[in-house]
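Participant: Take this structure, written in structure tokens, and hold onto it; I'll ask about it next.
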Amino acid sequence: MTQQADVAAATPPATTAQSPSPSPRDRIIAHMNSDHQRELSLYLRHYAGLGHSAAATPWLKDVTLEGMTIAAGGLGGKEYHVAFDPALGSWADVRPAVVEMARVSRRALGLSDVAVTHFAPPQGFDVVVFGSVAFYFVCWLTLGFVLPGTPIWSFLQAVFPGGPRFYRWLVKAIFLPVLAIHLTECYWFHRTRLQRHGIEAGTSLWWTWIGSLFFEGVCGFMRFDAIVAAKKKENEGKSH
């Protein structure tokens with residue numbers, strides 16, 4: 001028994017096998033798919049000539065020193081080869097190459113290097129503007145209740161300049177101009193702000209910004225521009 005115990009004590013403990021560290025190729029693929037979906041989409045749009053919707057949900061399937069294989073529409077989508085020109089000399093060259101390709105793609109597509117990823121709700125005076133426009137549309141939607149003999153008719157007769165008849169005429173008369181102005185603002189906001197800063201049309205973030213801007217107009221432009229300016233300043237600080 002003693003001899004067996006001595007033998008057991010002398011036997012070194014089994015070592016746990018260590019898994020090999022991922023290769024540079026695997027690290028690049030994992031990093032790009034995790035953190036750089038927007039850049040992969042830009043490569044497909046600029047270098048492969050795909051449209052905005054066709055380049056949605058890209059997936060980097062392979063990378064070599066000659067180029068990248070990117071699937072459009074997810075992991076099982078159609079594959080496109082985006083070449084490195086010229087071919088790279090080592091894996092260390094991949095990062096500066098893809099950064100430069102992203103810059104070239106953004107410039108060619110008219111996009112900014114600042115991506116806005118959140119919604120900032122109205123604050124202060126913006127809330128007043130939002131509420132005022134929303135109140136007008138409530139007035140338009142409730143015109144059918146403004147009838148002679150109703151309490152609201154009597155109220156408008158007492159407090160509104162021109163009385164309830166003028167109130168009904170005014171609310172109706174300005175409806176189309178107000179609607180046209182606010183829809184035009186939404187279109188321009190999409191073209192010059194949301195699209196340029198990486199907010200895809202139809203997403204929940206896009207609808208949130210557009211819905212808010214419809215009621216607040218120029219205040220939303222100013223608030224969005226302030227977010228972009230802050231992000232640019234933050235990026236400049238990181239680069240120094």
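Just so it is clear, glycine is given a Cβ too, placed from its N, Cα and C backbone atoms.
Fair warning: this is a prediction, and the values are worked out from it, not measured in the lab.
So TrEMBL lists the following for this protein:
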REGION    1-26  region 'Disordered'
COMPBIAS  8-20  compositional bias 'Low complexity'
DOMAIN    26-101  domain 'DUF2470'
TRANSMEM  127-147  transmembrane segment
TRANSMEM  167-189  transmembrane segment
Participant: State the mean pLDDT for the domain 'DUF2470' (26-101).
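Facilitator: The predicted confidence over the domain 'DUF2470' (26-101), as a mean pLDDT, is 93.
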Participant: Can you break down the domain 'DUF2470' (26-101) into helix, strand and coil residue counts using DSSP?
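Facilitator: So the counts come to 31 helix, 17 strand, 28 coil.
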